[in-house]
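Worksheet for the structure shown next.
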Amino acid sequence: MGRAGFVAGNWKMHGSLVRNQELLDAVVSGTRSLQNVSCVVCVPYPYIAQTQSVLEGSHVLWGGQNVSQYHHGAYTGEVSADMLADLGCRYVIVGHSERRTLFGEGNQVVAEKFRAAQERSITPILCVGETLAQRESDETEQVIAMQLDAVIDLAGIEALGQSVIAYEPVWAIGTGKTATPQQAQDVHKFIRSRIAVHSGGIAENIQILYGGSVKADNARELFTMPDIDGGLIGGASLVAAEFISICLAAQN
């Protein structure tokens with residue numbers, strides 16, 4: 001049996017109490033028929049409690065967009081994995097390209113956040129990917145290998161096997177350039193082969209998502225690629241009809 005589908009919505013810094021309620025209600029209603037696909041929404045910290053109250057008992061799961069590498073202490077403004085767990089979060093995004101680029105999170109910090117989440121039974125969605133400059137210098141595989149190796153070195157290959165990976169082609173986000181389904185597949189295949197160096201079983205079973213501007217009109221073509229198991233969805237996750245269509249596309 002093949003890997004199950006997985007679609008995670010990343011709301012980024014968007015939302016309001018009124019809009020959230022409408023969006024979440026629509027997503028729950030519109031994805032009731034989903035089979036063999038996990039549907040997750042990763043929302044801003046202040047809205048996690050609201051999201052929990054709306055989604056609890058439904059088939060839609062929720063998570064955070066970031067987590068501290070520390071479990072408690074004098075870290076003003078940080079949110080720990082314990083706090084996310086208190087609010088029922090099953091997943092958290094770590095290493096998103098915006099965190100790496102805008103907030104200077106390097107591979108070691110990302111690995112520590114990955115480990116902190118797992119220590120509180122939260123599944124990390126580990127983001128990896130290369131910039132335009134790195135791609136044009138033919139460094140894609142080297143960059144992604146380093147991002148994966150940092151986690152494997154700190155937490156171990158078995159821990160990586162208990163996560164979800166998302167490939168973000170940073171070079172294709174907001175640059176006017178587009179990654180074709182085949183380009184995405186090529187990198188997903190490399191990620192799987194890199195993991196297979198440590199464990200063939202984990203490489204075969206781990207879910208790898210594509211995070212490069214997935215929309216309703218390109219989701220099905222992307223998800224038919226053999227090593228693409230779903231998507232990490234940005235802007236389209238804020239539009240109920242778009243997000244629902246993407247989730248349904250992941251069934252195939």
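Counting begins at 1 with the first residue displayed.
Cβ coordinates come from backbone N, Cα and C, glycine included.
Owing to the predicted nature of the structure, the values given are computational and were not obtained by experimental measurement.
Per Swiss-Prot, the feature substrate binding site maps to ASN10, TRP11, LYS12, GLY174, SER213, GLY234, GLY235. LYS12 (substrate binding site) has a Cβ environment of 16 other Cβ atoms inside 10 Å.
Residues or ranges marked as active site, electrophile by Swiss-Prot: HIS96. In this view, HIS96 (active site, electrophile) is surrounded by 26 other Cβ atoms within 10 Å of its Cβ, with every protein chain counted. Classification of HIS96 (active site, electrophile) by DSSP places it in coil, neither helical nor stranded.
Annotated active site, proton acceptor per Swiss-Prot: GLU168, in sequence order. Long-range C-beta contacts of GLU168 (active site, proton acceptor), restricted to its own chain and to partners at least six residues apart, with a cutoff below 8 Å, comprise HIS96, SER97, CYS127, VAL128, GLY129, GLY211, GLY212, LEU232.
Taking the binding-site residues ASN10, SER213 in turn, the residue surrounded by the fewest other Cβ atoms inside 10 Å of its Cβ turns out to be SER213. Listed in sequence order, VAL41, CYS42, VAL43, PRO44, TYR47, GLN65, SER237, LEU238 are the same-chain residues at least 6 apart in sequence whose CB falls under 8 Å from the CB of TRP11 (substrate binding site). Fewest other C-beta atoms within 10 Å: among the binding-site residues GLY234, GLY235, that description fits GLY235.
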